[in-house]
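TrEMBL annotations:
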ACT_SITE  Cys184  active site, proton donor
BINDING   Asp308, Lys318, Pro332, Asp333, Ile334, Leu335, Phe350, Lys362, Lys366  CTP binding site
DOMAIN    18-203  domain 'Flavoprotein'
REGION    1-219  region 'Phosphopantothenoylcysteine decarboxylase'
REGION    220-423  region 'Phosphopantothenate--cysteine ligase'
Amino acid sequence: MRRSPKTGGTPPATRPRRLLLGVTGGIAAYKTLEVVRRFRRLNWEVQVVMTASARRLLGPESFTALAGRPVAHELFPKKRLVTKDSASPHTAFSHIDLARWADVVLVAPATANCLGKLAAGIADDLLSTLLLAVPIETVRNGRALIAPAMNSRMWEHPSVRRNTALLREQGYVIVTPARGELACGDTGPGRLADVEDLAGAVTAAAEASARLPDLAGTRVVVTAGRTEEPLDPVRVLTNRSSGRLGVALARVFRLAGADVRLVCGAVSVPLPASIPATPAPTADAMLVAVTDAAADCDILVMCAAVGDYRPASVSRNKTHATRLTLVLEKTPDILKAVTASKRPPVVIGFSHDPSVAAAREKLRRKRLDLVVANPFETAGADTIGATLVPARGRTTRLSARSKESFARRLAAEAARLLAAARD
Ligand SMILES: Cc1cc2nc3c(=O)[nH]c(=O)nc-3n(C[C@H](O)[C@H](O)[C@H](O)COP(=O)(O)O)c2cc1C
């Protein structure tokens, strides 16, 4: 396993945790005052860094008062800002000091400009410079969080989409903006995530279990998305899965050093460019692709929402009947087929029944190593809460968290199961 890094790891028990909060020039900047208050009350040290635009929208005084320390904003400060125990003995390097000082970094709100600069490696003020100086382990271990907030048209702009995807691939946790009424009067996606979500994401990032396992040399297959069973040449029978959790899992396994393959049904999120993906639009195609990919993998995570029924016959033409009766038949049981023959050392399945008893029954029936029992409501949502039910060991209930944090937790569990299987 990878050794504990000097920075970005779990802080020694003797000192409070440290949050570095970057505030950029979005109208939602005032909401992060509550984040500062929350973490100060939990006894965290909080250092706020504001951009020039943020300071124009909201003066630094409230942040200074709540954080109990001056807001940092100058790349060339007259006075050293960070405590005497910071890593650098040089007073002139606040950006390096601050980047090393933090256990968790959160930028909230993050403007389109901030995302663009970080994705492009531009360092022209204190915040953008220190973000590039944050140790790569901190980023890979999911302790650098970016919470974008902007007008919907800006959020949906291809350049912003591309920059966000690039940052995700590097390991930044993107706290997805919410949908709703925006400050400019428009309605749509782009609202800064709620304080609860921001605080939850910071807390999850600080957990020791957020650290990535070392999976170099391990082959992982993740299925993602939904199957679409044809009814006729234009219509399909499908479900609401977005593929977001499967894609997040694939990305996390990749960050952990594994050789990852995605087997994908239809997905509503962009696929990571760095991960090979085999398309599997129907249950039959998924069976073939999974059987093939799983033959020589170490960990198989069956995250895709494979429809359990399909039309018994597919009409050759688009049907225009006033009333139509569909006859459905069962699709193949992919998990059972994979575990019946030469199975990978670790096979993880999902159950939409939240009951632990049902998960245990599924574990036995399908010869799995772990079942993730999660309720239906999580399909298509940004967060997931679920119970991890392993074949051996303790059942763990995970409260609702971002799909990225959940993916990190599940990857750690998969690494533990693989180590146990190899013992
Ligand atoms: C009133 C006002 C509100 C703004 N709100 C946002 C916002 O929510 N998101 C965003 O990306 N840009 C917003 N902008 C534009 C940014 O402030 C602008 O792009 C600026 O260059 C960002 O600088 P920074 O990233 O260094 O803070 C806003 C501008 C104004 C004048």
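Note that Cβ sites are derived from N, Cα and C of the backbone, with glycine treated the same way.
Sequence features, as recorded in TrEMBL, placed on the structure.
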| residue | record | Cβ contacts under 8 Å, 6 or more apart |
| --- | --- | --- |
| Cys184 | active site, proton donor | Asn151 |
| Asp308 | CTP binding site | Lys330, Thr331 |
| Pro332 | CTP binding site | Ala283, Asp284, Leu287 |
| Ile334 | CTP binding site | Ala283, Met286, Leu287, Val290, Met302, Val306 |
| Phe350 | CTP binding site | Met302, Cys303, Val371, Val372, Ala373, Asn374 |
| Lys366 | CTP binding site | Asp333, Leu335, Lys336, Thr339, Gly349 |
Local backbone state of Lys366 (CTP binding site), from DSSP in three classes: helix
Helix, strand or coil at Cys184 (active site, proton donor) [DSSP, three-state]: coil
Local confidence of the domain 'Flavoprotein' (18-203) - pLDDT mean: 89
Mapped DSSP class for Phe350 (CTP binding site), helix or strand or coil: strand
